[in-house]
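Q: First the structure, which I've put down as structure tokens, then a few questions once you've had a look.
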Amino acid sequence: MNPVFSLSVLAAIAGGAAAGALLRYLTSVAMFHWYGDRFPLATLLVNVVGSFIAGYLLLAISRGQFSELVRMLVIVGFCGALTTFSTFAVETVTLLQQGELIKALLNVGFNMVLCLVAVALGFALARSLLN
């Protein structure tokens with residue numbers, strides 16, 4: 001992929017990022033309201049959803065279903081702002097510092113496995129819908 005620095009690409013990335021960041025924030029607020037802070041479910045949820053969307057679009061774009069501009073909007077902008085490795089890392093270290101080794105290991109395991117599965121499922125859904 002060659003980076004493109006056109007106004008439309010930059011606007012697509014910025015718009016997608018704004019929407020992704022807003023959804024991430026609202027997800028965090030909602031999950032805290034419903035579940036509290038016993039486990040970082042909001043980060044897990046946005047990482048899995050973002051991975052699924054990225055997996056779906058990667059195949060769809062490779063088959064010409066969507067343009068490069070859509071890739072920039074959704075994968076780079078939206079999914080880039082929605083998902084977060086830094087928050088995942090901070091939450092995991094915080095759990096470790098609180099002596100919550102099992103929760104920290106579960107957080108790592110869930111994020112790794114579920115996000116990989118979500119990408120594969122998104123890819124599989126795109127394959128079945130686009131064939």
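Cβ from N, Cα, C; glycine included.
Okay, these came from TrEMBL:
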{"type": "TRANSMEM", "residues": "44-62", "note": "transmembrane segment"}
{"type": "TRANSMEM", "residues": "69-90", "note": "transmembrane segment"}
{"type": "BINDING", "residues": "G80, T83", "note": "Na(+) binding site"}
{"type": "TRANSMEM", "residues": "110-130", "note": "transmembrane segment"}
Q: For T83 (Na(+) binding site), name the DSSP secondary structure in the helix/strand/coil scheme.
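A: Its secondary structure by DSSP: coil.
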Q: Validating a neighbour-count step here. Other CB atoms within 10 A of the CB of T83 (Na(+) binding site): how many?
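A: For T83 (Na(+) binding site), the count of other Cβ atoms within 10 Å is 22.
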Q: Count the other Cβ atoms sitting within 10 Å of the Cβ of G80 (Na(+) binding site), across every protein chain shown.
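A: For G80 (Na(+) binding site), the 10 Å Cβ neighbour count is 18.
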